[in-house]
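K.L.:
Sharing the feature lines straight out of TrEMBL:
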- B:21-546: domain 'Cytochrome oxidase subunit I profile' (DOMAIN)
- B:591-834: domain 'Heme-copper oxidase subunit III family profile' (DOMAIN)
- B:116-140: transmembrane segment (TRANSMEM)
- B:199-220: transmembrane segment (TRANSMEM)
- B:264-283: transmembrane segment (TRANSMEM)
- B:359-383: transmembrane segment (TRANSMEM)
- B:395-417: transmembrane segment (TRANSMEM)
- B:470-492: transmembrane segment (TRANSMEM)
- B:608-627: transmembrane segment (TRANSMEM)
- B:657-681: transmembrane segment (TRANSMEM)
- B:701-720: transmembrane segment (TRANSMEM)
- B:732-756: transmembrane segment (TRANSMEM)
- B:768-791: transmembrane segment (TRANSMEM)
- B:812-835: transmembrane segment (TRANSMEM)
Amino acid sequence: MTDESRPPRENLWLLTAAPFIWLAHLLLSYITGAVWCAKIAGRGGSLGAARAAIAVYTLLALAGLALVGWRAMRRRRPVEPGPAREYDAPGDRDRFLGRTTLLLTGLSALAVVYAALVALFIRSCR
Amino acid sequence: MSEPSPEQVGAEQAARLLKAWETPTGWRYWSAVNNSAVGVWYTASSFFFFLFAGVLALMMRTQLAVPDNDLLSADLYNQAFTVHGSVMMFLFAIPIFEAIAVLLLPQMLGARDLPFPRLSAFGFWCFMLGGIFLCGSIFFDAAPRGGWFMYPPLTSKYQPGIGADMWLLGFSFIEVAAIAAAVELIVGTLKCRPPGMRINLVPLYAWYTLVAAAMVLFAFPPLIAGSMLLEVERAFGWPFFDPAGGGDPLLWQHLFWLFGHPEVYIIFLPSVALVAMMVPTFARRPVVGYDWIVLSAIGTGFLSFGLWVHHMYTTGLPGVSLGLFSAASTAVAIPTGVQLFCFLATILMGRVTRSTPMLFMFGSLAIFVLGGLTGVMVAMAPFDFQAHDSFFVVAHFHYTLFGGAVFPIIAGFYYYYPLVGNKMLSERLGRLAFWLMFIGFNVAFLPMHLTGLRGMPRRVFTYPAAAGLGGLNLVSTIGAFILAAGVAVIVWDLVRPRSREPLAPRNPWDAGTLEWVQEMPGKPWGIRSIPQIDSRYPLWDQPDFLRNIDEGRFYLPDAEEGLRETLVTSVVDARPLFCQRLPGPSFVTPLAALTTGGFFILGTFKLWSLALASLVAALLVFVFWLWTGTARVPEKQEKDVGCGLTLPLYASGSSSIGWWGVFITMLADFTAYVCLVFGYFFFWTVHADFPPAPVQGPGVLWPGLAALLLVGAWSATWLARRWNRRDRGRACHLGLLGGAGLAALGGAALVAGPLATGLDPTSHAYPAIVWLLVIWTAAHVGIGAIMHLYCSARRLAGHMTPRHDADLGNVVLYWHFTVLTALLTVAVIAGFPLLA
Amino acid sequence: MTRFALSSSPDTASGRRRRATIRATDLALLAGVAALVACAGPQSALDPAGRGAERIAELFWWMTAGTVVVWAAVMALAFYVSTRRREPGPRAPGVLIVGGGVVLPVLVLTALLIWGLALLPSLLAGVDAEPTLFVTGRQFWWEVVYRTSDGRVVPLANELRLPVGRPAVLQLDSHDVIHSLWIPALAGKVDMIPGRVTRLTLEPSRTGVFRGLCAEYCGLSHAHMAFVVAVTEEHEFAEWLAHQAEPASAPASPLAARGQELLLAHGCGACHTIRGTLADGDVGPDLTHVGGRLSIAAGTLSSDPRAFQRWIEAPEQVKPGVHMPAFAMLPQADREALAAYLEGLK
C-alpha cells in the first residue's frame, strides 16, 4: 500500500468529473429548453426564462469546473522533484492524472461556453 | 543425485504451461475460448461481412451509374442499402474493433487471456449466428428495407414483412454480444494489466479501447430499448411510435441517434488506437503528448454523447435545441484534431521509416481530415438543412469511416499480421492495394459532395436524366470499382498460400510494446511469464526484458496445477492482487449462443411459444455455465506466483473481477431502463394531458405495496450475505429464500397495478409505456429471485462458504440496481401522475 | 475568340510561349465556367433562387474555402514532418500540439459557430407566421392546399407555384410515413412527420422552374417522389391561383368527353377529385387541373397525352409501390380517351 499515495478510485473518478459536468450542463439546458417550448411557451413563444436558466446552469458548471481544475492543479504539482523522464514513480502517475484532468477541464469549459453562446443568439422557441 | 538444471526446470514449466493452454484439436477446436482462437475467428468473420456489404455497395453503384437504370428493382435496391449500412455498422465496424481488441489487448497487457474467456466466445457465437441470419435474408428477398436507421412509421405499419423484425431482433441479439465483449474489455484493461503498469504507462491502445468499450456500454442500451419498443409495436400493436395511438415517431429518432452518434466514435477511436501503436514504431521514438492523446480519447468519448440531435436538425425542433447540439458538434472537433497533431509531432521528432502501414496511415490522415472538416460543415445547422439526407452526407461519412476506420484497420492488418499468421504480408501488394484504394476511394466519394448539393437525396434507387446528375454518378461508380480492386488485392494478400515463405522474425518492426514479445510461431499461452513493467515501451527501455520473459523469470511461469491462470492487479497502480483461474475450452458457449439466438430468431417468425421455450433453455444453459464454470472454491488459499510473491486464489466483492463484470453489465442494463423512463417523459412533453384524461393510472396502492415488498427482498439479500459471512447457514438460507419469496410477491404486486386498473396497452402510448416499465422491472425482479435460489443451492452444494462468497456478493450488487429500478418505476408510474 | 487567334499564330518560339500563357488563362476560365456549370441545375443548392438557399450557399462557399485551406495545410505539415531534414527544436512538438491542435481550431471553430448561430434565427423566421400553403406528404406524392387571402381553400397536388420576392409560409405534415420536403434551389429541407406539424418559409428571389423532392427515405418509390416548383411574377401567380380555384373545364372534344364518361364509369372518382364533376375521392391526387401541370405522377412524367396513357396503363412500372391500380385491361382506345380528357383539364 505504500506506493498508493491516494485511494485509487478517487483518482479515476476525478478524471471524468469535468466531462460529466459538461454533460449535465448540456442535458439540463436541452431539457429546460425543450420542456419550456413544448409545455409553457409554445411554438414561437419567447425563450425568456429558459435562457436565464441556461445562464444559471452555465455559471454553476463553470464554478464546478473551476473546482475540478483547482484540484487537478494541486495534484499536478510534483510531490517531490525527480528526474523528468522517470515514469515509474507514484508522483508521475499523479502528475499524469492531474494534467489529463486539467486538460479535460479546459475542454469541458470550452464546450460549456459554446453551449452558453446559444442562449445569446436564440431568443425564441421557433 | 543432482539438482535439475535451470534449463530442465524451465523446459518442464514450459511443457506444463503449454498443456494447460493447449488449443483443442479436431472438431473440438470449436470449443476453444482462448483469445488467440476467438480473436482470429472474430476478426476474420467481421472482415468477411465487410466484403459482403461491399459487394452490395458495388451493386448499388452499378445501378446508379446511369440515370433511369433498371438493373436492380426498387425493392432490391432498398434491401441492398439497408443491409449494406446495417452490416457495415453492426457486423463489421463494431465487431472488428472488439475482435481486434480481444486478439491484441491481452498481448499488449502481457495477460494470458481476457478475464472472461467464455464470455468472449459466447459473444463471438452470438455475432456469427445473428450475422449469418441477417445477411442470408437478402437471398430470400426477406431482408430489412427500412434504411439502417429504420425510422418508424415506415418500419412499423408500412412494412409488414419479417425484414424489420429481423433487423430489430437480430441486431438486438448482436448488440447483447457487443455489450458482453465491452464488459470483457473494460475489466481486462482495468484489472488484468501486468504488475507495475501504472495508469500512466498503459499502452494508448488500451486507453482507447477502454473509452470505446465504455461508450458501447452507454450507447447500445438506447438502441436496445428503442428496438424493444418498435418490435413490441410491430408484434403486439402497442402504439409507441404511431401518432394515431398517442405515440410519436420522433421518440425512435432520439433513441436511435442517442446510440447512432456515439457509435461513429466507437468505430473511430479503436482505429485511431491502432495508429497510436504504429506511429511510435515507425517514428522510432515514444509517442509525443501521451496525456493529450488520453484527453482526446476521453474527451471525444464524452462529447460524442452530446451530438445526437444533429441528425435531427430538419425535424422542426426549436432553434435552441439545434443550437445546443450544433455547439457540441463544433466542440468535438477539437479533441478529434488534437490527437492527429500529437501523431504528427511524434513523426516530427522521430525518423520515419517507410512501410505499407505508414502509407495507409498517411492515406487515412488525408481522407479523415477531409471527412472531419465536412463534419464541421454539417455541424452548422443552417448548412445541414441543405446537406442532410443528401449525397453530401453520404460522402462525408464515408470519408470519416474510411479515413477513420478502414484505412487504419488495413494498416493494422499489415502491421499485426505476423502476430497471427507468423509471416509478413507483401509490401509490394500492400503498396498496390493502397494506391488502388486511395485513388478509387477519392474518385468514388469526392464527387458525391457535389452530387448531393446538386440535389441528389440519399437512398434513391434511380434518378431522372433531366436532373443532370449522370456524369458525377458515373465517375463515382468507376471509383467504386477501383476501390474494390484494391480491396481484392488485400484479400489476395491475406489468403494467398505462403508455405514457402520464411517465418517472420520476432518483433519484425522493432516495436517497443508488449504484444511484440510473442515468439514466431506464437504459443497459445500468450506470454511465457508475466513481466514487471516500468516503462511505456518495455521492449525498448527495459534491459534483458525478452530474456527474462522467455526464461520464465517473471510471474506465473508455471502451471503446476494444470490450470489456466492470469494475474489480477489494481486499477491505478497495477499492484498484483490475486491469481485468477480462467476457464478452459467448452461447448457451453456456442450452446448458450444457440439457445439465446433461438429466442430472437424464432421471435422474428412470430413463433412466440417456441421462442419462450428457447429462452427457458438459454436460462438453463446459463445456470449450468455459471454453476460449473465460475466462482469455484480453490483447493488452496494462496499460491506462489513467482518473483517471491504469494497471492490469494479467490476474491469476492469489489476486488473480484466477477463483481466488476456484474457492475459494468448492470450499468448498461440500467441505461436501457433509463431510456424507457425517458420515453415516458417524452410522451408527457408531446401530450397536453398525460396521463390522457379518461385513462386511470395504475393507482398508488399496488405499486406502493410492490415498492415495500421489493425493498424487503433487497434487504433480505443483503442480510443473507451478512449471515453467510458470519457462518450462520440457516439464517443465510432463510434470507435467500425469504428474499426470493418477497421478490415474487413484489413482482406480482407490480403487475397487479396496471392489471387491476385495466390499462390496455394497445389503446394508447400511455398504458403501453406503463406496462413496459412494469414488465421490465418485474422481469428483473424475477431474475433476482432465481439468483436467490441459485445462491441457496450453491451454499447447499458447498460451492459457497462464509469465506468464498463471490456469488452472493454479485447478487447483492444486482439487487442494488434492481431495487433502484423498482423504486424509480413506482415513482414514475404511481408518483408522477399525482404531480402532473 | 482566343482559340481562333491561337490557331492562326505562327509556330515560332515566342508563339509557343504565348500559346502556353494563353492556355493557362484559358484553363482558368474553363475551370471557372466548369465550376458554374457544375453548380447549375434545376435542383442545385449551389444555384440558389431563394433567400434561404442564398444564405446557406454563402456559408457553404466560405466553409469550403476554409476546408480546402485547412486540409492543404495539414497535408503540407504531414509531408514536412515525414521528410524534414533539419533537427526540430525541443519546443517544436509543444507548439505543434498546442498551436495546431488547440489554438487555431478554437479560433476558427468559435468564429464559425457564432456565424452559424447568428444565421439560425433568420432561417427559422416565419415559423410562427400564418401559413398560406399546406403540404401533406403521402406515399409517394404531395397533397397541396392553398389558402387565399380571402379565405378560399384550393386543393391541388404535386406542384407548387410561388410569387417571386414574397415569403410564403408552408405548413407541412404527413399522411403516412416520414417524408421531407426539399427544394434545393430555394431553401433547406424540413421533414414531414405524421402526428406533427412543421413549417418552412420559402422566399424565391428569381423566377424560374425548379425541382423539389422528398429527401427522407419513405419506401419503395422514394426516388419517384418529386414535384415541380414554378416561381412567377406576382400577377401571373394571382391569375394562376384564381384559375386553380375554378372547377374543371368541360371536355373540349368528343374524345375527351368519352374520356370523362369512362373515368366516371371505371370508378376513378372513388380516389380522385375533379371539381365540378361527380369524382370526389380523396385517396389520390386532385385532378381538377391536372392537364395544366408541368409534370404528372409527382414529378416523374411530363404531362403530355402519351405520359397520361403510360401512367394509366402501368403505373406500377413507372412508380413501384404506387397505390393506383393499372388499367391495362381497358382497350387502347379507351386509354387514349381518358388521356385526352385528363390532358385537357388545363
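Heads up, the Cβ atoms here are built off N, Cα and C, so glycines get one too.
Just so you know, TrEMBL annotations never went through curation; they're auto-generated.
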K.L.:
Flag the pair the transmembrane segment (B:657-681) / the transmembrane segment (B:264-283) as in contact if three or more Cβ pairs fall under 8 Å (sequence separation 6 or more).
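P.N.:
The transmembrane segment (B:264-283) and the transmembrane segment (B:657-681): touching, no.
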K.L.:
Of the stretches B:116-140, B:199-220, B:359-383, B:608-627, B:732-756, which racks up the most C-beta pairs under 8 Å with the transmembrane segment (B:264-283)?
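P.N.:
Out of the listed stretches, B:199-220 contacts the transmembrane segment (B:264-283) most.
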K.L.:
Six or more residues beyond either end and a Cβ under 8 Å away: which residues meet both conditions relative to the transmembrane segment (B:768-791)?
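P.N.:
For the transmembrane segment (B:768-791), the sequence-distant neighbours (Cβ-Cβ under 8 Å, at least 6 residues beyond its ends) are 228-229, 232, 238-240, 245, 247, 619, 623, 626-627, 669, 673, 676-677, 679-680, 683, 697-698, 710, 713, 717, 720, 736-737, 739-740, 743-744, 746-747, 750-751, 753-754, 759, 761-762, 800, 807-808, 811, 814-815, 817-818, 821-822, 825, 828-829.
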K.L.:
Same chain only, please: residues at least 6 beyond the ends of the transmembrane segment (B:701-720) with a C-beta under 8 Å from a C-beta of the stretch. Say none if there are none.
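P.N.:
Sequence-remote neighbours of the transmembrane segment (B:701-720) are 731-736, 738-740, 742-743, 745-747, 749-750, 752-753, 756, 781, 784-785, 788, 791, 808, 811-812, 815-816, 818-819, 822-823, 825-826, 829-830.
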K.L.:
Sequence-remote contacts (6 or more beyond its ends) of the transmembrane segment (B:812-835), Cβ cut-off under 8 Å?
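P.N.:
Hits for the transmembrane segment (B:812-835): 659, 662-663, 666, 669-670, 673, 677, 680, 684, 691, 697-700, 703-704, 706-707, 710-711, 713-714, 717-718, 721, 739, 746, 750, 753-754, 770, 773-774, 776-777, 780-781, 783-784, 787.
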K.L.:
Counting only residues 6 or more past its boundaries, what in the same chain has a CB within less than 8 Å of a CB in the transmembrane segment (B:116-140)?
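P.N.:
Sequence-remote neighbours of the transmembrane segment (B:116-140) are 32-35, 38-39, 41-42, 45-46, 49, 52, 56, 79-80, 83, 86-87, 91, 95, 98, 102, 163, 166-167, 170-171, 173-174, 176-178, 180-181, 183-184, 187, 582-583, 586, 588-590, 592-594, 596-597, 600-601, 625, 629, 657, 661.
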K.L.:
Do any residues of this chain, six or more beyond the ends of the transmembrane segment (B:608-627), have a C-beta under 8 angstroms from a C-beta of it, and if so which?
P.N.:
118, 235, 586, 588-589, 591-592, 595-596, 598-600, 602, 786, 790, 794, 799
